Structures are given as C-alpha cells and as structure tokens.
Amino acid sequence: MKIRRQRGVAVVTALLLTTLAVTIVASLFWQQQVQVRSMENQRLQLQTRWILRGALDLSRLILNQDLIDSPNFTQMNGVWATPLEETRLDDYVERERLQGENFNATLSGRMTDAQSRYNLGNLANNRQVNPDQVAVFQRLLSNLRLDEGLAQGVAELVMKSQSISTQQPAGSGPTSGTGSGVGVTDGTGGTGGSEPLALVRAEDLLAVSGFSPPAIDQLRDYVIVLPGRPTAINVNTAPAELLSALVPGLSLSEAQAMVNARKTAYYLNTGTFLGTAQMAGKKVVVPYDVRSDFFLAYSRVKLDRASLETQSLLHRPGQTAATSVEWIREY
C-alpha cells in the first residue's frame with residue numbers, strides 16, 4: 001500500500017514537472033516571438049521614416065524646379081500643386097519576402113501653399129499689435145461666421161509671446177517683395193518668465209478666451225503660424241474668404257469671382273491683381289504678393305503593418321538658397 005502511494009506521488013510529481021517545463025519553454029518562445037515582432041515593427045517604422053525623407057526630398061526638388069520655371073509668381077496650376085496618388089513602392093524597398101506573401105508599400109501626398117492662409121504671426125511684430133492686420137483677421141472671422149472680437153485676443157497673445165528681436169516688418173506698402181521672412185524662431189516664443197508660449201498650430205487658439213474646438217475646426221484651413229518675420233498673402237492661391245478679408249470693401253461674392261477667374265488667368269504681378277474689375281476703387285494696406293516662399297507637404301506612407309502620416313513645412317527662400325524643411329508633424 002505504501003509503495004503504491006509512493007508511485008502515485010512520483011507520477012503526480014513527474015506530471016507537475018513536465019507541465020512546469022512545458023510552461024517555461026512556451027513562455028520563452030512567446031517572449032522571443034514578442035521581441036522579434038517588436039524588432040520588426042521598429043524596422044518598419046524606421047523604413048517609413050526613410051521613405052518620408054525621400055518624399056520630402058522629392059517635394060523640395062519639385063519646388064526648386066517650379067522656382068526655375070516661374071520665379072516671379074506662384075499659382076495653383078504649378079507642378080507643385082499636382083497631388084501624388086497612392087503609389088506602390090514595394091519594388092523599391094529592400095525586404096526579405098516569403099513565398100506567397102502579400103507585402104504592401106505605398107506612398108501618397110500633396111502640397112499646398114502655406115501663404116494661401118493667414119499667418120497669425122502677422123498680428124504683431126516686435127511686441128507691437130498691428131491694427132491693420134487685426135482688421136484683416138476680423139474680416140476673415142466674419143466671413144467664416146465666427147466672432148470678430150476673437151481677433152483682438154489672438155493679437156494680444158501673439159504680442160505677449162513674441163521676443164523683441166531682429167524681426168523687421170515685411171513692409172507697409174501694397175506688396176512685400178518676396179513675401180517671406182529669413183529668420184526662423186525656435187518655437188518657444190517669448191523671453192521666459194510668465195510670458196505665454198507662442199502659437200504653433202491652430203489648436204493653440206484654445207488658450208484665447210472664446211475659442212472652442214468647433215470654431216478652431218472651422219478656422220483650421222484658413223490660418224497658419226509661419227516662422228520669422230510677417231509674411232505676405234499670396235493672392236494667386238488665397239481662398240475667397242481670405243481675399244475678401246485682405247481687401248477692405250471686397251465682398252465675398254466678388255472675391256469668389258476673382259478666384260474663379262484666376263483658374264484660367266492667374267496674376268503675373270501685383271499690378272494685374274489691382275487691375276481687375278473687382279479691385280476698382282479699393283486699396284490694400286497690408287502686405288500681399290503673387291508668389292510664395294512657404295509650402296505645406298502632406299505625406300502618407302504605408303509599409304506592411306506600419307503607417308505614417310505627416311505634415312511638413314517647407315521654406316523656399318529664393319534662388320540664392322535651397323528649399324529647407326522647417327518642421328515635421330506626425331499624425
């Protein structure tokens with residue numbers, strides 16, 4: 001009887017040890033599988049970033065070629081405005097493939113003119129609120145059926161967050177030369193202390209009393225924050241709402257007529273803009289131009305399980321310097 005009990009205990013012990021050994025081995029294999037998958041994911045993310053760098057290099061090349069083709073104006077029919085539809089890249093990405101594996105690698109993107117939007121940085125310069133620019137922003141808010149009174153609060157926030165620097169106004173006449181700045185801020189705004197942080201994106205307007213998420217969603221495609229000194233609005237690419245805000249007395253319907261007309265006859269210079277029928281008897285008191293130096297590049301990369309969507313700001317200062325990447329934001 002005692003021997004049978006000992007045999008039973010031995011069998012149970014052996015089963016327990018076997019189960020424990022199997023569990024340990026399975027755990028080790030599972031940990032190894034997790035590590036392998038983690039390394040593979042990191043590799044895919046790294047590859048998507050390299051593809052993004054290639055896409056940005058292509059965007060810079062396109063902008064440089066556009067500058068060569070049309071150095072004095074930027075318009076919506078330029079090659080830079082042609083979107084890149086979803087393009088398969090798997091033939092160009094080095095990767096060990098398994099037989100029968102369906103591996104997807106695609107790239108798509110588009111560019112827009114950043115100076116077709118209102119630069120919130122124009123509202124103040126060297127800690128001085130610009131009343132003419134505030135009036136433009138007020139008219140833009142009105143055209144979008146938002147509260148005009150919000151403009152003053154945004155201007156004061158921009159003014160308080162600015163540091164007194166070497167920034168110079170872009171000009172007080174009807175044009176501002178190339179319409180872009182040469183300085184680049186570090187994005188932190190003021191000089192320290194209790195000063196508010198500088199605006200970086202549209203969502204930062206929530207810091208201004210009266211702004212709500214729906215209002216920002218409505219305003220998002222019409223405003224931007226560009227680095228450096230105040231910039232000009234490009235009348236070749238600005239939407240009707242901004243054109244109407246730019247020109248005092250220009251109705252939204254008149255601005256829309258100008259937008260429709262420039263699809264076939266864009267403005268070669270500021271004189272052709274002023275010579276339109278809608279501009280008769282009207283005067284612009286803030287900087288505007290027919291060319292741009294800042295562009296937004298939108299890219300979407302898909303690589304197997306990994307995907308990356310970005311928005312990048314490109315600065316094309318002119319023929320004397322190459323196009324540079326100011327910032328990249330991932331979504």
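Backbone N, Cα and C atoms are what each Cβ position is placed from, and that goes for glycine too.
Taken from TrEMBL, the feature domain 'T2SS protein K first SAM-like' applies to 116-227.
The feature region 'Disordered' is assigned by TrEMBL to 165-195.
The compositional bias 'Gly residues' annotation in TrEMBL covers 174-193.
What TrEMBL lists as domain 'T2SS protein K second SAM-like' is 233-282. For the domain 'T2SS protein K second SAM-like' (233-282), DSSP puts the residue distribution at 25 helix, 2 strand, 23 coil.
On the 0 to 100 pLDDT scale, the model's mean across the domain 'T2SS protein K second SAM-like' (233-282) is 96.
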